[in-house]
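Asks: Please find one structure pasted underneath; my questions will follow.
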Amino acid sequence: MSYKIVALPGDGIGPEILSGTLELLKLISEKYHFEYHLESHHFGGVSIDYYGTPLTNETLQSCKNADAILLGAIGGPKWTDPNNRPEHGLLKLRKSLNLFANIRPTFVTKGASHLSPLKQDIVEGTDLVIVRELTSGIYFGEPSYVKKTEALDSLKYSSQEIERIVRIAFNLANRRRKKLTSVDKENVLSSSKLWRQIVNDVKKDYPEVEVNHMLVDACSMHLITQPTQFDVIVTENLFGDILSDEASVIPGSLGLSPSASFGQTGTRLYEPIHGSAPDIANEDKANPFGMVLSLALCLRESLNQNDAANELESIVYSFIQSNKTTADLGGQYRTSKIFKLLKEKYL
């Protein structure tokens, strides 16, 4: 079987971290004997420069036909038109592909716990995933307005929107340590009451998964004081936005964190959580590990290459443990040197 992969290098450091990652993918495919077809398209700010839009119809159609999308990074101060920003392309892509679930792993190995801003004995062994609903909730609710003396946002969820994200979280927990924490604000919000009800209903289909309901304020505290208690966390859009950013600092650098966006079926999108960092673009300083770990997610979730994903993750964590890192992690290695060493593991 041959997989179709679309590469979207994007802006800033995106092209340099993705190009090295694609070279790794080629070596991994040769070792693990799978085939893929690769297409690359301009996306984000660079697409605005070339075509006047952050997402062309050709690029969108290519993405719709893909098994997986690998995205570098988008955005930067160069593109200031509020009606034609690079980020609009990503929002349109997510909506067109119905990517309603954002998956963000947070992992701290014994050898990397010293990088965390938290105490080592607190973070060591952290291995959690936050599943965030991505396309509904207060960010998309109507009516929404700002007037001179008042403003309104609307928080709305349907049972179908809740159930589909909850099932993705249950399936993920079922493959991991079988612990699911559902985060809401059930003591105050009507939408959270429905959320909790749906979680309890869906639980009947997953008898082996232990479910714990937690209020969002309590969860935000426990993420800092006892992150190792969590396996899979599922929550709505606003809470997930905040909690996933909070969790992302636990490993010690935004450059370490991968992410994925899933729909019910079809194409899945993989990207590091960091921005385009235009201040260090083309300076060979970018931390590539978030992009490389996003490839590992892609190998596992879209290409059915679990062994390859596990090996790649182990190699990255061994590099961190031995301080083969870029400056943001306290190392002295350039981006190109990291990729050279990574590729040598497959030669």
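Going from the start of the chain as shown, residues are counted 1 onward.
Including glycine, each Cβ sits where the backbone N, Cα and C put it.
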Asks: The substrate site in Swiss-Prot lists ARG94, ARG132, ASP217. Which one of ARG104, ARG196 belongs there according to the record?
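Replies: That substrate site, as Swiss-Prot gives it, pairs ARG94, ARG132, ASP217 with ARG104.
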Asks: Could you tell me which three-state DSSP class GLY275 (NAD(+) binding site) falls into?
Replies: coil
Asks: Fewest other Cβ atoms within 10 Å: which of the binding-site residues GLY76, GLY275 wins that one? Let me know.
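Replies: If we count Cβ atoms within 10 Å for the binding-site residues GLY76, GLY275, the smallest count is at GLY275.
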Asks: Return the residues near ASN84 (NAD(+) binding site), defined as same-chain residues 6+ apart in sequence whose C-beta is under 8 angstroms from its C-beta, sorted by sequence, else 'none'.
Replies: ILE48, GLY52, THR53, PRO54
Asks: To the nearest Å, how far is the Cα of ASN287 (NAD(+) binding site) from the Cα of ARG132 (substrate binding site)?
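Replies: If we compare the Cα positions of ASN287 (NAD(+) binding site) and ARG132 (substrate binding site), the gap is 25 Å.
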Asks: Sort the recorded positions LYS185, ASP217, ASP245 by C-alpha distance from GLU283 (NAD(+) binding site) and give me just the closest.
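Replies: Closest recorded candidate to GLU283 (NAD(+) binding site) by Cα: ASP245.
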